[in-house]
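Note sheet for the following structure.
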Amino acid sequence: MPELPEVEVSRQGLLPYLPGHPLQAALFRVPKLRQPLSPIWAEEMAGHTLQGIARRGKYLLFDFDSQTGGGWLILHLGMSGSLRLVAPGTPPGKHDHVDLVFPHKVLRLKDPRRFGSLVWVRGPQVLDHPLLAPLGIEPLAGEFDGDWLFQATRGRQQPIKQLLMDAHRLVGVGNIYAAESLFRARISPLAPAGRLSRERCARLAAAVREVLAESIAAGGSSVRDYVHSDGGAGSFQLHCAVYGRAGEPCPVCGKPVKVVRQGGRSSFYCPRCQRP
DNA sequence: CGTTACCCCTGGAGGC
DNA sequence: TGCCTCCAGGGGTAAC
């Protein structure tokens, strides 16, 4: 479910409710997600006040008094994770694996596939954690533009879609938004990255930023519903032009959308509009 | 160093 | 109705 827009919308949805409140308890109902969930973490976290929620790529970073003796809770939603705010005492449903209990609200993590990550890091530093340190640049920050993309692709024969999705270069662009960005930029996902012109790199970088920003904006308008309702990410998702639409007509030219496998993932594109 | 294969899991869709 | 296969928005690690 979650790509960068969903993670950012979740963050924005939590901000009005959680920072400033003390954590009463952390409940782990499964022994592990991607990593083991240590009961010691729950002990160390309890009693600390949430000072803020940051985001790095698709990771949410919960600041529990990190500068004054506490630490950071790193959360990644994986493929199927979602967050909800529920009233204290609400019984957990299936796959509700983690609760962060505040006095007025419970932040509940549901993750059927358990591909999510939850890690507690003591102390003030978090960005140097092994999960975060190797991450590439943020697509919505100033550093990411056509010039950056042009430089990053020089000498690379890797297909552009796979480079876009490489979190060690650029964070936050997953399978859906890679497909939609490439469609908007009229570039084939199969195009060798190093052969893209400066102009096409500029077009693609702009498309990535537009697609992500539009999706966040669309979600932002229904943020309250998102974290308070059934938590179904995707309800606010960008309307897809090509993703998941194999065989359907391209919205621009009408030619059927094609699907190919790249790096084990499905790539959807219009063979007429999107050129190598 | 670059690229691929596999793995972690559950659930939904579709074929038979 | 059941059983089977395939697929799914991610990413870390090992192997070539």
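Keep in mind that glycine also has a Cβ here, set from the backbone N, Cα and C atoms.
Because TrEMBL annotations are produced automatically, they should be read as predictions rather than curated entries.
Features reported for this protein in TrEMBL:
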type	residues	note
ACT_SITE	A:Pro2	active site, schiff-base intermediate with DNA
ACT_SITE	A:Glu3	active site, proton donor
ACT_SITE	A:Lys58	active site, proton donor
ACT_SITE	A:Arg265	active site, proton donor
BINDING	A:His95, A:Arg113, A:Arg156	DNA binding site
DOMAIN	A:2-116	domain 'Formamidopyrimidine-DNA glycosylase catalytic'
DOMAIN	A:241-275	domain 'FPG-type'
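Features recorded in TrEMBL, as mapped to the structure shown.
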residue: A:Pro2; record: active site, schiff-base intermediate with DNA; CB count, 10 Å: 23
residue: A:Glu3; record: active site, proton donor; CB count, 10 Å: 22
residue: A:Lys58; record: active site, proton donor; CB count, 10 Å: 24
residue: A:His95; record: DNA binding site; CB count, 10 Å: 16
residue: A:Arg113; record: DNA binding site; CB count, 10 Å: 12
residue: A:Arg156; record: DNA binding site; CB count, 10 Å: 17
residue: A:Arg265; record: active site, proton donor; CB count, 10 Å: 15
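Residue pairs drawn from A:His95, A:Arg113, A:Arg156, the listed DNA binders, are separated by up to 41 Å at the Cα level. When pLDDT values are averaged over the domain 'Formamidopyrimidine-DNA glycosylase catalytic' (A:2-116), the model yields 96. Under DSSP, the residues of the domain 'Formamidopyrimidine-DNA glycosylase catalytic' (A:2-116) split into helix, strand and coil as follows: 21 helix, 43 strand, 51 coil. Of all the active-site residues in the list A:Pro2, A:Glu3, A:Lys58, A:Arg265, the shortest Cα-Cα distance to A:Arg156 (DNA binding site) is found for A:Arg265. In three-state terms derived from DSSP, A:Arg156 (DNA binding site) belongs to neither a helical nor a strand segment and is classed as coil.
According to DSSP, the secondary structure content of the domain 'FPG-type' (A:241-275) in residues is 0 helix, 13 strand, 22 coil. Closest by Cα distance to A:Lys58 (active site, proton donor), from the recorded positions A:Pro2, A:His95, A:Arg113, A:Arg265, is A:Pro2.
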